[in-house]
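As written in TrEMBL, here are the features:
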type: DOMAIN; residues: A:67-262; note: domain 'ABC transmembrane type-1'
type: DOMAIN; residues: A:345-543; note: domain 'ABC transmembrane type-1'
type: TRANSMEM; residues: A:12-33; note: transmembrane segment
type: TRANSMEM; residues: A:66-93; note: transmembrane segment
type: TRANSMEM; residues: A:105-126; note: transmembrane segment
type: TRANSMEM; residues: A:141-161; note: transmembrane segment
type: TRANSMEM; residues: A:194-221; note: transmembrane segment
type: TRANSMEM; residues: A:241-263; note: transmembrane segment
type: TRANSMEM; residues: A:291-311; note: transmembrane segment
type: TRANSMEM; residues: A:351-370; note: transmembrane segment
type: TRANSMEM; residues: A:382-409; note: transmembrane segment
type: TRANSMEM; residues: A:421-443; note: transmembrane segment
type: TRANSMEM; residues: A:472-494; note: transmembrane segment
type: TRANSMEM; residues: A:522-543; note: transmembrane segment
Amino acid sequence: MTPPRVRPAPGTIFAIVLGAAVPLAFVGVFFAWPVLAMVGRGFFVDGALDLGGFVEVLARPRTLRLIGLTVGQAALAAVICVLLGLPMAHVLYRLKFRGQRMLRALVILPFVLPTVVVGVAFRTLLRDGGLFGGLGLDGTFTAIMLALVFFNVAVVVRTVGTSWEGLDSRQEEAARVLGAGPARVWFTVTLPRLAPAIVSAASIVFLFCSTAFGVVLVLGGTRFGTIETEIYLLTTQFLDLRGASVLSVTQLVVVVLLLLLAARARGRRTALRRVDAALASRRPRLGDGPAIAVTLVVAVLLALPIVALVLRSLQTSDGWGIGNYLALGTTGSRNALVVTVWVALGNSLTIAVQATLVALVIGLAAALVISRQPRSRGLRRALAGFDGALMLPLGVSAVTVGFGFLITLNQPPFDLRSSPILVPIAQALVALPLVVRTILPVLTGIDGRLRESASVLGAGPGRVLRDVDLAIVARPVLAASGFAFAVALGEFGATSFLSRPDRPTLPVVIFRLIGLPGGDNFGMALAASVVLAAVTVGVIALVERLRVGTMGAF
Amino acid sequence: MQTRKKTAGLALVGIIAVGVAGCGTTQTVSDAPAPLVLVTHDSFNLSEGTLEKFTEETGIEVEVQAAGDAGELVNKLVLTKDSPLGDVVFGIDNTFASRAVNEGVLADYASPDLTDAESQYLLPAGSGLEQLTPIDNGDVCVNVDHEWFAEAGIAEPVTLDDLVKPEYKDLFVTPAANSSSPGLAFLLATVAAYGDDGWQDYWQQLVDNGVKIDAGWSDAYYVDFSGPSSEGDRPLVVSYASSPPFEVQEGDTEAPTGALLDTCFRQTEYAGVIAGTENQALAEKLVDFLFSVDVQNDIPESMYVFPVNALATLPDGWSDYAEIAEDPFVVSPDDIDANRETWLSEWAAIATP
């Protein structure tokens, strides 16, 4: 039976155009324009286009090696994150047990820890004489991989988990009753339904890893590099804009190719029946053993560097104690800081709330538009392109974006160069893809017939949006807001580029402390990192709690 | 129905507007003169009330705008030449001075308050003498863990030559020259010491003698250095001459670490007026102010470097712990500008194959 055709009211089209225009304008002004302007500087020499740099830069053996390394390590990290993240998503989002919410909150912790600090914590464990010094991992590719997985496994756990927790489990049960073994059920029933979320998560991990800058620099020592570290070097050290532009374009091409692949792999959108998570989750069974084992092992591996960090933060010059934490109320040894760590935390929280709001509003509008399934093929293509465009900020060098901000947003109508607005905007840009990617799989999973029947029954488009889309998406929106908040709180690259000295965020302050000699300042940096982590876990745990019972009560 | 949808749309725009407007801008229209913008590096820091003295004298506020490390700072000025970031720049050092001068981002002005006593800090004519006023200086030197050497019963090294001797095998760690500014300074020290043709050989010997190369200074200092701040196992690290005072604990009379003063490269930081400023006269006053005794006396405690003004006084204890190299290695700014890339790529080929 074909569903009755409902002619869209002019208002709906207006809403869709507006819903698409706002995110596009946002990404256009605060991302595309600065990046294009910066890349353009490299290609226009004295007003004339010069593409000779392409051949020259791409022919350097070093460039080719770096491209290979970048793609290789990001792809490998994405695969490992999915392999480890899936069992964890199952345990943390499908089963019911005590302490589950806390564990969900803890998984996200590495995400907000400053890379420099984690890098130092990691190296403390791995160096000769460290706890794991015997493994000889210091400065190796394995060390980089461990760190990339450490930082990114949360993306898979949370993106796939939130998509999984509302999946109706009756299909699996029906298959089991009909005699299918667990493996068969997993591969033929569960996996296909999770595929879009898995591909989404994997592509985000790939993007994060291919632009991972601090991790590679600190843990790879000087033997490894990525396109990103090279762009940084060429721009900030050599002012070789041509070389940097060539690499930026190369990076962009790699990213776009990947996004196209991902879109293809995500494939046809299937309608998913969603139920309240309370119905979908159950007590652990014997068959969950392997998944629980993986979860425990990964949890321990995630905890190790963090425990190392906490332990070291409790060491002061007089032995064990909370001296480093008491020092957070001061401006540091020999007045290292302009404001106390607590003031910086306040700045961070305020800015992260603003960034989360911006990312949510824009991300939700974008996701609602992308989730429409127009009959026209061209429109569908356009939406897919729009979808991909929103992911791009993750795949472009923060240095390129940062310098781009400087040379574009410096004259009317956007003279924002020294404006405090830029920090939350930059953080929102980073969080935006995560928001869209968390909400979208759920939205596209909504059976179109649900909307159509609502319309047939007399509900106007506004009412359909409220009672169907927004109601179902309420839970992922909260998850996304927690995620966005965590990202904003820990964001360093763009923030350090734009933040004003009188209003530093916590990561900026930590970075400054770790850049000064003396055990006291270093101890303070560690204590401040622990505080940053604790606050994040607290906020995420709160979000997890708020989610209870929001279903249908939006 | 139609109105409701429009309201929804408008609400969306409204939320964004509020979200954006709520981001802390409090732009008030007033008759007060526009503040002077001082563009500087991330490490800029003065005690509370110091910059306010300038405001008391002139009625003009100073807005500090941080712009990354020294190299990033200069590059940002170059990129924004047509629409300058601010009025005054502080923090251009002798390794990047010629780039700023050659790119024409600075207006001609050097403080008339400079005297012969500061002549050692002046840049050569045509390479910054006319545009940059020296403000502070600090030495990048190999730091040594006194306690480690005392316990091991080995004599401490003294010169760069010592670092390649067998008794100091596997004891030295340095941040990389291509990703860290003290790392670059140390490379320049070796270039100055062994000449354009000899430094490569010296680095090969360092590598053969087990030098460890980390990406960043904090990595080298906090992970691999054996000093009191870390648990590493290498007692020699490239850091600043002003690092040892940080390791002095309350009640101590001696610093547990020290700087090898025969291994130092001197970094001098300069201030200048940014070309294109609309407040040339005031900007010049601010440069003079940075060179004034008020600011110069504050520099050691707030930025851990030495003032250049001969009239400035050092805080108590500084003369005991923070030492100054008598004869630091020097590479001319023009040489650095001309060769930075070549040196770095040659260095990378030897040190990080």
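Glycine too: its Cβ is placed from the backbone N, Cα and C atoms.
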Result, the transmembrane segment (A:472-494) in contact with the transmembrane segment (A:66-93) (3+ CB pairs under 8 Å)
no
Hey, does the transmembrane segment (A:105-126) touch the transmembrane segment (A:241-263), meaning at least 3 C-beta pairs closer than 8 angstroms, sequence gap 6 or more?
no
Have the transmembrane segment (A:291-311) and the transmembrane segment (A:522-543) got at least three CB pairs under 8 Å, pairs 6 or more apart in sequence?
yes
Contact between the transmembrane segment (A:522-543) and the transmembrane segment (A:105-126) (at least 3 Cβ pairs under 8 Å, separation 6+):
yes
Quick test of the contact rule: Cβ under 8 Å, at least six residues beyond the ends. What residues does that give for the transmembrane segment (A:382-409)?
20, 23-24, 27, 30-31, 33-39, 41, 203-204, 207-208, 210-211, 213, 227-228, 231-232, 235-236, 244, 248, 251-252, 254-256, 258-260, 263, 363, 366, 369-370, 372, 374, 415-417, 422, 426, 429-430, 432-433, 436-437, 440, 493-494, 497-498
Have the transmembrane segment (A:472-494) and the transmembrane segment (A:12-33) got at least three CB pairs under 8 Å, pairs 6 or more apart in sequence?
no
Same-chain residues near the transmembrane segment (A:12-33), Cβ under 8 Å, at least 6 residues beyond its ends:
358, 362-363, 365-366, 368-369, 372, 386, 389-390, 392-393, 396, 401, 404-405, 408-409, 414, 425-426, 429, 432, 461
Other than its close neighbours in sequence, what residues sit by the transmembrane segment (A:141-161), given a CB gap under 8 Å and a spacing of at least six beyond its ends?
73-74, 76-78, 80-82, 84-86, 88-89, 92-93, 104, 107-111, 115, 118-119, 122, 126, 194, 197-198, 200-202, 204-205, 208-209, 212, 215-216, 219-220, 224, 298, 301-302, 305, 434, 437-438, 441, 479, 483
